[in-house]
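Undergrad: The structure is given below, and queries will be raised subsequently.
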Amino acid sequence: MDSVQFPLSAGTYVINGRKYRRTAYQIKAATDDVTPKFEQFEDTPDVYDDEPSAGCLAPPGLPALKKKIAKAKEVKEAKPESNSTQPTEDERISVIDGKKWIASISVPVCFIGKLHGMNRRALNALENDTQCRVKTPRRDENKPCEISSIVRLECVQRCLDRIEIFVDDAKKTARVTHFVALPCDQHEVQENFEVFKQLVLDSEHFDASCKNPQLFTKSPRLHLTLSVVCLFDDVDLQRITESFKVIEEEIKEIMNNKPMIADIQGIDMMNDDPSQVSVIYAKVSGEKIQEVANHLNRRLIELGFAKNEGGDEVKLHMTLMNARYVAQAEKLKKFTFDAKKILEDLKESYFGTFQLTEICKLMPAMINTMELRDSPKSNRSSQAVIDAKYTLTYLSDSSEKGSESPRSLRDYHRGGSGSLTGGGAIVLANNKPDMKKYKQKLDSRLGVVLLMCLVTIFVILGIYGTMHSSVHDELTVYVNRTHQIASELKNAMDENYPKENQTNIDKHGRVWMTVEELEDYAYLIEKTNSTVWNLFFWNLVLSIFLFPIVLAIHLGWIAGNGAKLAYRVVLLIGLLFCIAQFLHLVHPVFWGAVRFPGMLDRLFLEAYPRDQYHIDSIQRRFACEFKPHDTLVQLDLQQPCIPKMKNSLLPTYSTLLLIFIDLFPFLFGAFIYAWSAWIKNSNVVRTARQRVELNNSRRVPFPTHNVYTPPERNTKSIGKQEESTAPEKY
């Protein structure tokens, strides 16, 4: 009983009115003996020594461990943190003590949920694939996402790239959030709009579906929509605010201190069916306002705020009636109204002419929905619905069977040179065409075909020639400067330059171009460009010269054998020109178009020498890179120069099209001859023509004597007429 006190003598303590017994614990005393001694505290064990749990005491050395922990904590507080953050080869990523790579990326709050996925599955998959930890901010926090990894730098790079691609894809598929508009808050416009509104609501001539007051736009909200944009966070809002300052200066240069006048007159609909209309808008005209709208929309597309929906021309409109307002107010899935009479009677409605003093205004496009549905594109694809109508047709007894028509006689029943209707000598067809008829066909058709071919060729040459000239000047200067560098290296007997005028590879593995090769490039570039513009000029001149002649011949203003002979001489000159043009199109135009892609690769990527100064100038002018980064190209942050220049140069398919159009008059003449010679009388064509003639002969004319005409609805005049014609009663 010396080692263990009686358990009933244990001390107690009180918590919330309840008494608890204090248990005993022992610690290992600091002695030099091999056998450890335990120091007994005042609390007694809760068990006897002979019980199995009597040895469940406190771990030995607990106070010493506490002192060690407290000392380490003091040292840690006194010593500053040694974590040093250093940049890496990727400017987006930093490294801490060479062991942990961190980065941050800004993700709009509206995309955080999509980034997480259901139950964070998408984000967990991203973390597992990239071996990174992604910490996203809360909804009320305006912080970037933090990415960290202790594996290697490439893991954080992959994670950053995938998040950037995710954000870019999400922005492309997101709906618009704001729209840029010119306010139409002038008193004249609002007053005329109210007059238009009352005319529609008060008139009984219009359909009942147009009488809902919620269809109409509120007068203070009248505006001219210029562009729709997508803004997802404060960063986008700040960027577009700064961009507007630059665009404002550009618009001032376009205005050139001239007023921006808007003339609003006439109404139209967005879709094609006037019986099911979604939007009615007022037409807006004005040279300066259209130019400003086009420039503003183009700049917003270039800056990435607006989407390029096709077309460079902004459809200026002021929305008057919108079915979306009724659908939202009455919670309908879709609503349309019948606006036939409105478009007929109020087609030339005038709303006002005024000067715009405020350049533009950014407005939110979220009214129960984020989509701006009164844009010109929203209702463009609406499908017109046509009501089916049944028409009763009355046929006489003699015209019920088409086979009894006298026009259904077959060719072999027609009379020949004999006197009998059903027989006689039939003249066999000659396989050789009549040259006189062949010449007549050429006179009546070849001139029009030749004129259309010349016009088409000079239009195509003008379009592709303009595109080609944008690169031709820079390419010519670059080839000449490279030729000068190659000549200097050749004269200086440089060890890297080829000695025998042949392309060779130096000791560094670089391929060098010879002076003769660069001279050939310069000649081909210059010859192709000059040939394109010379052909454009001559096609334009011949088209202008040939147009009045063809018009006079076909309208019969000029007649006679002399005129016919002169016309044929003109056609012969045009055909000779086509032959000469064909030779020039084959060489150098087609030959140059085939060699241009390989030439660009060799000049800028594969071979030396290179003029780096002019390469930088080309990159600045075309806003591209000759050695772009693949990820930046996928994110549309960089554009490679080589494909851009190849697209601007004369393409091969356009030269093939030009060659075909140039040879088309000859092919057309050959087809006319072949048609008369054997195509017309071939079994397939002859059978098809006989079927067409037979169907035409069996076609029954529409009857006119049984057409039903309804009686007049003037009942008063009919009643008076009956009274006047009624017999008198005696």
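Using N, Cα and C of the backbone, Cβ positions are placed for all residues, glycine too.
Summarising the annotation, TrEMBL assigns compositional bias 'Basic and acidic residues' to 398-414, 713-730. Here TrEMBL flags 99-168 as domain 'K Homology'. Look at TrEMBL and you will find 397-416, 703-730 tagged as region 'Disordered'. The transmembrane segment annotation in TrEMBL covers 446-467, 536-557, 569-594, 653-679.
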Undergrad: Determine the mean pLDDT over the domain 'K Homology' (99-168), rounding to the nearest whole number.
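TA: Per the prediction, mean pLDDT sits at 88 for the domain 'K Homology' (99-168).
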Undergrad: Under DSSP, the domain 'K Homology' (99-168) has how many residues in helix, strand and coil?
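TA: Grouping H, G, I as helix and E, B as strand yields 37 helix, 14 strand, 19 coil.
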Undergrad: Give residue numbers and ranges for long-range contacts of the transmembrane segment (653-679): same chain, 6 or more residues beyond its ends, CB-CB under 8 A.
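TA: Distal contacts: 431-434, 437-438, 441-442, 445-446, 449-450, 453, 456-457, 460-461, 464, 574-575, 578, 581-582, 585-586, 589-590, 593, 685.
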